[in-house]
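Residues or ranges marked as repeat 'HAT 1' in Swiss-Prot: 43-75. Annotation comment: Swiss-Prot describes 77-109 as repeat 'HAT 2'. According to Swiss-Prot, the feature repeat 'HAT 3' maps to 111-143. For 145-176, the entry in Swiss-Prot reads repeat 'HAT 4'. The annotation repeat 'HAT 5' is assigned in Swiss-Prot to 178-209. Taken from Swiss-Prot, the feature repeat 'HAT 8' covers 295-327. As annotated by Swiss-Prot, repeat 'HAT 9' applies to 332-364. For 374-410, the entry in Swiss-Prot reads repeat 'HAT 10'. Residues or ranges marked as repeat 'HAT 11' by Swiss-Prot: 412-443. If you look up Swiss-Prot, you'll see 445-477 marked as repeat 'HAT 12'. Feature annotation from Swiss-Prot assigns repeat 'HAT 13' to 518-550. The repeat 'HAT 14' annotation in Swiss-Prot covers 584-622.
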Amino acid sequence: MGDNSLSNEAITADNILKDAFSQKKQIAATTKADILDLEELKDWQRRKRTEYETVLKRNRLDLRQWMRYAQFEFDQKDIRRARSIYERALLVDHGFIPLWIQYIDSEIKWKNINHARNLLDRATNALPRVDKLWFKYLLLEESLGNQGIVRGIYTRWCSFEPGPDAWDSFIEFETRCLNFENVRNIYSKFVLVHPQIDTWLKWVRFEQTHGDISSVRTVFSFALDTLTSFSGTPLVDIERVIGSFASWEASQGEYERSRTLYRLAVERWPISEALKEQQIQFEKKFGSSKNMEDIVIAKRKAEYEQYLKSDPYHYSTWWVYIDLVEEKYQEQLTSAFQSFIELAKPKSLVKDSSWKRYIRICVRYLVYLELTINDLPTIRSVYQDILDIIPHKKFTFGKLWIMYAEFEIRQNNLLKARKILGVSLGKSPKPKVFKYYINLEIRLKEFDRVRKLYEKYIDFNPSSVQSWLDYAELEENLGDEDRSRGIYDISMSNNVGLSESDQLIVIQRYIAFETDAAEYEKARELYEKYLILSRYDVNIWINQALFESTIPTETQLIAYQQSHQDGNFDDDGEEEFSFEITPENKHHTRAIFEKAISYFKEHNEDKKRQQVLQSLLEYEKVHGNQETLEKVNARQPSLVREKVTIDNIEQESYKLDFPDDRVAQPPIARNLLALAKQWEKNSS
């Protein structure tokens, strides 16, 4: 019944608090000692003092214990004893700030102002870098209305050159007292101790509030002179003071003063983007649009020149500088390029990014000379100067040699172009130059020169498979099959040293060449080499088999030759040659497939054997009949499960079961195998 009443009762915060309070553990109250007379009081005080002294004997460095001891004596109104304890504690560690603060607060609490003043004087003398003690001293004196003493304390404190907070506090005090001349004197010392931009700007704000235009301008001038005289002043501080100075002058309508200030500043610090941006914004707001762009561009040009004088290897700046000169100072562009070539020569003896960027700008200069100046002797001289700078024994730039040769070709000076390319190959052969020279001679149909160049190219880099293939293709296009065949043979010899992968590429092209030349027997021989070189790759077996169905038989060749003799051409004047797959082609293809199947069967490579059978099946689907297709389909392997015992553990595995292998077994073995499988099935 009681439970139901509780469930129906509303739960309130009051009920929750009462329940929590009732479950709260009761803490046993400490024994209270009632002191009835003076005798008992003195006895209790003696015992407490003994306890404190005993604890301090064990650990006299526990300053918090000293403070509790002294506070106890103050609570007992025994000021003499409390002072004695504080003094003893200060002898232990006079640098403990909370001890000084409690000592001073205790004296102030008992209105012992002179004693508190003496303590503050002692504390600030002993610890002049502790701002808290100074502020407490100042608070005490200012609350008593002793402005003269406060000013003296501030003066003494600032003689120690404290942080900005002390100076700001002194300035606020004098401002409250309306002693503005004293504030100016303080600022004059403040900026010497803390010559940062923030200090100067505080002084400026003060003069803007309590001074006149002349005083503000004087402070700005002093600030700018002082900050620029220090070599370690950050540029951002100088930018701030100049920006503030110029903005203030503009606000007073002194636009020429502001403009002159920006101009001198940009000339003095040309690398300052902030000053340039401020100057641009000023001109947009107060200047004329006619001269603003020219002023900005001139300043930017001077900035680039100053920067490149200090760092001539900054090629990105050179590029931008040349862009600017080309756009606005066209008459100075040639001298700018010449300065670049002379001043920005890379020092590195390796072909790094600095050389590439240097040559890129040189190429730009050469293009400019040819398209604009068109002074041929000057262009040749510049080409020669640039080529003389490059250490060709270490590296070279094929693009530059090719440009020089193309320039001479455009001047119809083919002999000079060949000489340039020859010098390039003699000093530092480059594949790019070889290819360009070869293509040039091919276009000129100077094939004897092309052959010599290919021989030099292969001699320079015999491991380049592409050079061998291009050389062979050249001879093939020229109709010299023997030369082409010889190049293929030499490239595959051991003396050349091509890698296996490159030899596979060569022999593949070699087969295509012999096929195009109708040398099918040679192509078959190459396929045999191809198989050996590829370690009897299954795909090459398949390709060889299919190859037999893509070439004509002897009968077809004879028919083609007779047709050729009879002059049987189509409408376009080309020879007709109709090719059909004959039973002979199919026979050769199937024979190679069977050879591949036997090879992989002999070497127990079931996966590859299956792949060959699958390819044979696809072939029969296209070129076979129903009978051959069914035979090949019947030879396809199936996946069977078998049990294998490994380390006395019977495991299941899967293998490919080829019908050809079953057919090859004798009848008795087949019967036994069938009976064993039937018994295994019945047992399971």
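Using the three backbone atoms N, Cα and C, a Cβ is placed for every residue, glycine included.
Residue counts of the repeat 'HAT 12' (445-477) by helix, strand and coil are 27 helix, 0 strand, 6 coil (DSSP-based).
Of the ranges 77-109, 332-364, 445-477, the one with the most Cβ pairs under 8 Å to the repeat 'HAT 10' (374-410) is 332-364.
For the repeat 'HAT 12' (445-477), the residues of the chain that approach it from at least six positions outside its boundaries are 425, 429, 431, 434, 437-438, 483-484, 487-488, 491, 496-499, 502, 505-506, 509, 513, 516, judged by C-beta separation under 8 angstroms. Residue counts of the repeat 'HAT 3' (111-143) by helix, strand and coil are 27 helix, 0 strand, 6 coil (DSSP-based). In the repeat 'HAT 8' (295-327), the DSSP tally of helix, strand and coil residues is 29 helix, 0 strand, 4 coil. Within its own chain, the repeat 'HAT 9' (332-364) has Cβ neighbours under 8 Å at 308, 312-313, 315-316, 318-319, 321-322, 325-326, 373, 382, 385-386, 389-391, 394-395, 397, 399-400, 403, counting only residues six or more beyond its boundaries. In the repeat 'HAT 2' (77-109), helix, strand and coil residues by DSSP number 27 helix, 0 strand, 6 coil. For the repeat 'HAT 13' (518-550), DSSP puts the residue distribution at 24 helix, 0 strand, 9 coil. Predicted-model confidence for the repeat 'HAT 10' (374-410) is 93, expressed as mean pLDDT.
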